[in-house]
Structures are given as C-alpha cells and as structure tokens.
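Engineer: First, the structure itself, so that you have it in front of you.
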Amino acid sequence: GSCPQKTGEILSSQYGINLFLAGLVLTFAWAVHAVGISKSHLLSYLITLMLIQLLWMLWYLCRSCTQRRLIREKDTHAGARWLKCGITLFAVITLILDSFKIGYYVDFSNCLSAAEGIFPVTHAIHTILQVYFLWCHAKDIIQSFKTLERFGVIHSVFTNLLLWTNGVLTESKHQLNEHKERLITLGFGNITIVLDDHAPQCNCTTTTLCSIFSQGIYYLYPFNIEYHILASTMLYVLWKNIGRKVEHHQQHKTAFKFHGITVGMIFGLIVLISTIAKVVVYLIQIGRSKNKSELALTMFYLHAISVLALMCTAGIVALLIYRLEDRSLDNSKNPARKLDAELLVGTAAGSWLLSWGSILAIICAQAHPKYTWYNLPYSILVIVEKYIQNLFIIESIHRKEEKVNDDIKTLRIVTISRGSTLSLTPSYKEIYNGRAARDDGELPYLLNGGICARENDTAKEEEASQAHCPAMHSASEFSFYSRNSVTNNKRRILKNIAAFLFLCNLSLWIPPAFGCRPEYDNGLEEIVFGFEPWIIVVNLAMPFSIFYRMHSAASLFEVNCKT
C-alpha cells in the first residue's frame, strides 16, 4: 500500500508545481509588459483555477455530508482554533478588499476588461467557501479516494500560492511607484528608472469614490497576502495527512489565558503602541524633504534596534531556562509541527538576505550619510534575533508536555497530631495547580513511599504512626511546595516571554506590511548594487520577511498556550 501512496504524492506534487510555474511565468510576463500578454490573461487563469477548486471543495463537502455517520480520523495538531480564527479575520478583510475592487471596476468599467470585474466576485465566493471548508475539514485524515483527493488538495495549495504571488506583485508595484519619489528627496537624483503601475487609461466616473477605492485597496493587501499564505499552509498539512496512520493518544487541550502574563503583555503593548506611532510618523515625514526623510529613517532604526535588543534578551533568558530543565523532546511524526519549523527557518532567510546585503553595502560604500550607520547594528540584530527566536520556538513546540504520575495524583499527606486529630494537606495535583482542596472525608496518606495511617486502623497502629508522621509530613510538604514553586516560576517567566515576543512580532509585522520599508528608502544599497538588482532582491525577499513575523506570532501564541 505504501508504493501507490508514494506514487500519488509524487504525481500530485508535480502537477501542483507545474500549475504554479505556469502561473508564475504568466505573472512575470504581465509585469514586464510582454507582447501579447495582458492583465486579463492572468486574471482569467486565476479565475479558472479558483473555479476548479470550488468544484472540488463542493464535491468534498457533499461527500462528507453523505458519510457524516462514519467515524473519521482527525489530526489533533492541525487546524488549531486560534489559527482558524486568524484566517477568518484575514478573510473578512479580504472580502472588504474584493468589494473595493468591484467598486473600482464599476468606476473604470469603460476601459477595464470583463475579467477584472469577474475576478473579485469569484475571489469573494472562493474565500467564503474555502474558510468554511478549512473550519470543518482542516483536521481530516483522508482515507478514501486518496489519489483524487491529493490532486484536489494540492491544486488548492498552489492556487492560493498564485493568488498570494499576484497580491505581492500588485502591492510591490504600488510601493515602488512611491519609492522613487522618496529617493529623490534624499538626494539620489541619478536614479532615472521609470516605473509603471498599469493605471487605467480612462477617466473615473466618480473621482472621490475612485480615490477611496484605489488608496484603500493597497492598505488592505497585506491582510489578503497573509490570508492566502495561511490557507496554503493549512491545505498543505491536509495534503500531507492523506492516507496517514495516526497513533491514537489523548490530546491535551490548551487554552490561552491572560492570568500570569501581565508583565509580558504590558511591555509588549508598549512596543506595539510605539511601533504604530513610529509608522504613522515615518509615512508622514518620509519623502517630504531630505532633512525630514533622514530623521524618519534615524527614528526607525533607533526604535527597531531597541526592540530587537529586548527580544534577543528575552529569547536568551528563555533558552537558559530550557537548559536548566531536563525534559525530553517529542519526536513523533507531526506534519503541522514539521511545517511550522521549516517555515520559520525558510522565511527567515528572506530578511537575512536583506540584512547581509545592507551590511555589505555599508562596508563597500564610499560615502556614508549619518543615518546609514544605524543600519549596521539594525541589520546585525535582525540576523541574531531571528536566530535566537527560531531556536526558542522550535524547541518549545517540540518539548513534551509535563505529565503528573497517576499514582502520585491520588496520594495525600496526612498530619496526625498528638490529640489523634487528622489534618489533611493538599494533594500533589492540587499543589501542582496551586490550589488547596477541602477535606472530602477521604484520608489517604503518604509516608516515605508507603502507608502512614488509615482512619480505620487500630489504635496501636495509629500510635506507632504518630511518632513518625509529623516529621515526614514537614519534609514532604517542603519538598512538594519547593518543587512546585520553582516550576511555576519558570513557567510564569516563559509565558511572559512568549507573550512579549508575540506582541513584538505583531509590531514588527506592521511597518513593512504598510509601507514602512527602509530597505527601499535608505538609498545606500541602490548605489552599491544598482537600482534594478537591489529592487529585485527586495521584492523577492520582503514577502518572506513579512510572512515570517506573522507566522512567528502565530507560533508564539501556540507556545504560550502550551507552556
């Protein structure tokens, strides 16, 4: 049975790759104004892919409804509730983006192709059905029609990747159109590249609405980009789970709790609020004049250096705590966890590439404006911080959860006073959870690993036990409370660190996602590497860098729930 399964994986993966490459070439041809290729051709291709995926999802949903009485295997690690809530939020904003595109098409309908009007409508339907599909079936382990399902799921994966690519390209072209004007204000007037944003060649019917739609679209694109990359990762896990044999074991439910993470949340919120303020000031000041642009870049670098230094410190403290603990790692097969680790390292390479490019540019440049020197510690900290954070997250998601021995859970410590009065102390489980239960009338006991006394024992046995129980109770109680206190303190510190890093990663996602990109505006890299080569590098690496921050935030949320 393993040979047909492997063959199905190979055939479906090759189909998906070729589907993606064909769309990628078509996207590139439109971007460079290839002869005979227009935007309508690209959109028609994407519409066709979405319609095929819609038909497959409807077929799968109908088949699932007819077989709902059957017991289906589930991957408890896939499709976490917080991940579904996140993708739903991004999907809602994507639907707003689609409505803006429909309004934009209506205003420019005289000179836009029909495909540009059909695309947002199809995309909205595709988004609604796909989110419903992921909510209901992201955990499925498909065991029937496996070959057909592999092709359907992998088609969905690469359809979302192409929609992500299309969103990244459109948003990047908009950023580049503003980039040249900013460079001119910084004194880089020798850059003469003319950029084209494929603007409609006709007048808008309603000028005010057109302005709202055209500007609003580009502020919503970051959420659309995150939506499609999250959908593709969830679908990829579903594809990897097809035909998989699952070990049946109890899955401990984890929930996010604000209790005990006040310090991490406070510092994280301070970083988040200051980042939002920084982005607003940066976007207002950059490009106004040379002096204002330099001040905006200096402000960006100083703030980012401070945040990254704090994140490095927090990550090192967390890793030191892990080194002090002796807990084994969970090496069981888990496609979702494996994908998380691979995405962390793979997408971090995007920002590492940009950082090394900036470092090399600073070293090789002949002239160094004052603000460019802040770029050196910033670039170094970006590399170090991601290195430390990746190690912390990957180790956290691979650590086995603490389990209390079932035999120990049932034990109680009993203090027998001289007056034959029995005093019941908390159980180990209650101590472990920081709670003291009331006396329920049961009097189990513990004395040096054996029985100390029972309520119905003879008087002689009680007198013999009374001579030993107080001392043993005192030592055992101290040992349990001491161990519990140390464990809880470590856990509290780790939860605060995870909460702080979670908010910091959300904060660092905001600037590049909404146009605050010093890699574009610094100007030094363009002089050393050339305008076109550096812009190509930035356009390729920046989407991965942006996705890294959102994926890290999602992973840290999971770490906080597990800790």
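Keep in mind that glycine also has a Cβ here, set from the backbone N, Cα and C atoms.
OK, TrEMBL features for this one:
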type	residues	note
TRANSMEM	15-36	transmembrane segment
TRANSMEM	42-61	transmembrane segment
TRANSMEM	82-106	transmembrane segment
TRANSMEM	118-135	transmembrane segment
TRANSMEM	218-239	transmembrane segment
TRANSMEM	260-284	transmembrane segment
TRANSMEM	300-322	transmembrane segment
TRANSMEM	343-368	transmembrane segment
TRANSMEM	493-515	transmembrane segment
TRANSMEM	527-548	transmembrane segment
Engineer: Does the transmembrane segment (218-239) come close to the transmembrane segment (82-106), meaning at least 3 CB pairs under 8 Å for residues 6 or more apart?
Structural biologist: yes
Engineer: Are the transmembrane segment (300-322) and the transmembrane segment (527-548) close enough to be called in contact, which here means at least 3 C-beta pairs under 8 A that are separated by 6 or more residues?
Structural biologist: no
Engineer: Are there at least 3 C-beta pairs under 8 angstroms linking the transmembrane segment (343-368) and the transmembrane segment (527-548), leaving out pairs fewer than 6 apart in sequence?
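Structural biologist: The transmembrane segment (343-368) and the transmembrane segment (527-548): touching, yes.
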Engineer: What stretch of 218-239, 343-368, 493-515 shows the most Cβ pairs under 8 Å to the transmembrane segment (260-284)?
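Structural biologist: Going through each listed stretch, the top one turns out to be 493-515.
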Engineer: Please give the sequence-distant neighbours of the transmembrane segment (218-239): residues at least 6 beyond its ends with Cβ less than 8 Å from one of its Cβ atoms.
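Structural biologist: For the transmembrane segment (218-239), the nonlocal Cβ contacts are 12, 75, 78-79, 83, 86-87, 89-91, 93-94, 96-97, 100, 127, 130, 134, 137-138, 140, 142, 150, 153-154, 156-158, 160-161, 163-164, 167-168, 170-171, 174, 335-336, 339, 343, 513-514, 543, 546-547, 550.
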Engineer: Same-chain Cβ contacts of the transmembrane segment (493-515) under 8 Å, 6 or more residues past its ends?
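Structural biologist: Distant Cβ neighbours of the transmembrane segment (493-515) are 175, 178, 219, 222, 260-265, 267-269, 271-272, 275-276, 278-279, 282-283, 300, 304, 307, 310-311, 314-315, 317-318, 321, 389, 392, 396, 542, 545-546, 549-550, 552-553, 556-557, 559-560, 563.
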